[in-house]
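What TrEMBL says about this one:
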- 51-231: domain 'G-protein coupled receptors family 1 profile' (DOMAIN)
- 38-59: transmembrane segment (TRANSMEM)
- 71-88: transmembrane segment (TRANSMEM)
- 108-127: transmembrane segment (TRANSMEM)
- 148-168: transmembrane segment (TRANSMEM)
- 198-221: transmembrane segment (TRANSMEM)
Amino acid sequence: VPASPHCPTSREDTNVSAPPYPQYWVEPRFTQAAKVRVIITAIFFLLAVGSNAAVLGSLLRKRRKSHVQPLILSLALADLLVTVMVMPLDAAWNVTVQWYGGDISCKILNFLKLFAMYAAALVLVVISLDRHAAILHPFSQAHRRNGMLLRAAWAGSVLLALPQLFLFHLNTIPGGNFTQCVTHGSFRAHWEETVYNMFTFTTLYITPLSVMIVCYIRILWEISKQLKVNK
């Protein structure tokens, strides 16, 4: 995701709209806190790979198909994308501190990182919409609807993550031997960076969460009405 506007203290903190590098710039190091983050990331990586692989195996072994199965399969795949793309990248980047992978991999990996996060969030939205439709409109065409929504979720994830390919690039500290994969210089003004960061935060967290909250509130409301009717 885009860099945040604070003083650079680690590999992700070099900012697009920050002022020129200070005269007495100190090269970031692999700190004790970074070691703890790497260990925690490795633990969560193993847990996520094992649990999602088990879910995928269970789904593939099932002979009886249902309209919910593609949703769970997509969620497991999206979670595995986050696990495979985000966790190892963050762990390795914390260890190396600077970027050694070249400009193309800098762009592609940051695109895949945000794409995986969007995919996981949007597939959760699709599942919420499916549960909402199942309770409020039980006779609707679930297979067709879910297929369209899943395709839209994956396509939307690609489109929303595309700016990463154009924003991230290699940047070397003048007079130093430190190269980083950053968005420094990609925006003409600080407000442009702020707008992009807010857009990403809204589409990745606020909007999906809001949709899910509305769906489940309406589900609970409908269930409570049915319980009152049946009393």
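Here the Cβ of each residue, glycine as well, is placed from N, Cα and C on the backbone.
Here the transmembrane segment (198-221) touches the transmembrane segment (108-127). Their Cβ atoms form 3 or more pairs under 8 Å, with each pair 6 or more residues apart. The largest share of C-beta pairs under 8 angstroms with the transmembrane segment (108-127) comes from 148-168, of the ranges 38-59, 71-88, 148-168.
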